[in-house]
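Novice: Here it is, the structure, as structure tokens.
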Amino acid sequence: MDVLVQASPPNSPKSHLYSPSALKTKKNIETIQEQQNPQASAESPVINMSNDSISVQEDQKSRTNKRYIFLLVVNYLFLFAGSISSSLLSKFYFNHQGSSRWVSTWVQSAGFPLLLFPIYLPFYVFKCTDRRPFSLFTPKLLILSILIGLMLGLNNLLFSWGNSYLPVSTSSLLLSSQLVFNLILSVIIVKQKITFQNFNCVILLTLSSVLLGLGSSHDRSQGLTRAKYFIGFLSTLGAGLLFALYLPVMEKIYKKIYCYEMVMEMQLVMEIAATALATMGMASAGGFSEMKRESQVKFDRGARVYWVTVFANVVTWQLCFMGTAGMVFLTSSLTGGICMTALLAMNVVGGVLVYGDEFGGVKAVSTVLCGWGFCSYVYGMHLKMREEKEMENKNQGMEMVHNAVAPNNIV
């Protein structure tokens, strides 16, 4: 049986075929892989073997890949637009007598059909890859995606529960605690190194959340009891913890995935599982007929505005999750959490500007601590990147000296 090997040369997203007779053994394939990029195994093409074919693909996480910067910018824009818009729209829904937390949970994942575009367009329309959609999607990946999707569905429910009670600014600041959980779980799951900047960030964000919880109990909507306020407070913290667990777990899985399309395939399965969980919850609360009744009777802005709000929520939440998954794949779970924390300050400002949320001294101090912690981490990342660049330059200099001296040692 002939074996086809597809290999992507550096700086090319398109695969090319090598002669079957030249690649009959795995050793031959590994030799070609080393020849294409001998400097770093993390940037080498990824070999995928099956009974019918063996494919060698360039890792799109590699910073030498010409699609890397484009994907990074697009995913951060998705995260930016989706995070701010979805938070404000969710609060708009509850502010105008929307009351179903299951509806708010359902819209966070129901936009999964939008993921079909980044999955199928690269192969069928743009012709920028030879990999067919779902061609390497193993049963193990399917099971993992379903389980993580159910966890994501629970996280969505906790977020909806908390967002129904708390002002946008308060819930956004509380969600900043996910970075604390993210750092701790990243150390455990993906062996993230703890630095002074990381630790300083954890301390400052913890103080920010504690200060907010102690000083903002009076910041409640009319008719909201103290008990319901703290239910919302704890639900939001729980959502932050679950999402912080989701990020490093996905980073660990993404280390074995080489292309953005596979990330979106996993995201599609996860969103379907989360939507199934939310749909079962909606069915127990009256199903879609309850949504129709809510739009006509409860929602005080009319049925048309209700359905526009629901549709906009579906789209913006999907952009948010697409951006998050892409950031974790292209960078790391901690960097993805940092980016989301940076956007929380924008959510706080949005809540104050759009809904007139109170922004007193306690919330201002909490915001400053949150920003201080974020800047501490960014500074630590800057130092780390500078050290890596200096080490790389040093290694290149030593290699040049070695190459210059080596010919003189030949007898």
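Glycine is no exception: its Cβ is also placed from the backbone N, Cα and C atoms.
Straight out of TrEMBL:
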type	residues	note
REGION	1-21	region 'Disordered'
TRANSMEM	68-90	transmembrane segment
TRANSMEM	110-129	transmembrane segment
TRANSMEM	141-161	transmembrane segment
TRANSMEM	173-190	transmembrane segment
TRANSMEM	229-247	transmembrane segment
TRANSMEM	268-285	transmembrane segment
TRANSMEM	305-330	transmembrane segment
TRANSMEM	337-355	transmembrane segment
Novice: Do at least three CB pairs under 8 A connect the transmembrane segment (337-355) and the transmembrane segment (268-285), leaving out pairs fewer than 6 apart in sequence?
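Specialist: Taking Cβ pairs at least 6 residues apart, the transmembrane segment (337-355) and the transmembrane segment (268-285) are not in contact, as fewer than 3 fall under 8 Å.
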Novice: Using a Cβ cut-off under 8 Å, which residues of the same chain at least 6 positions beyond either end of the transmembrane segment (305-330) come close to it?
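Specialist: Hits for the transmembrane segment (305-330): 60-61, 68, 71-72, 74-83, 85-86, 89-90, 92-93, 96, 98, 103-104, 107-112, 114-115, 118, 247, 250-251, 254, 257, 260, 263-264, 266-267, 271, 291, 294-295, 299, 336, 339-340.
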Novice: Excluding the flanking five residues on each side, which residues at least 6 beyond the ends of the transmembrane segment (110-129) place their CB within less than 8 Å of a CB in that stretch?
Specialist: 13-15, 259-261, 264-265, 267-268, 271-272, 275, 278, 314-315, 317-318, 322
Novice: Which range wins on Cβ pairs under 8 Å with the transmembrane segment (141-161): 68-90, 173-190, 229-247?
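Specialist: Looking only at 68-90, 173-190, 229-247, the most contacts with the transmembrane segment (141-161) come from 229-247.
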Novice: I need to check the long-range neighbours of the transmembrane segment (229-247): which residues 6 or more away from its ends have a CB within less than 8 Å of a CB in the stretch?
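Specialist: For the transmembrane segment (229-247), the far contacts come to 148, 151-152, 154-156, 158-159, 161-166, 171, 174-182, 184-186, 209, 213, 217, 220, 324, 328, 333-334, 336-337.
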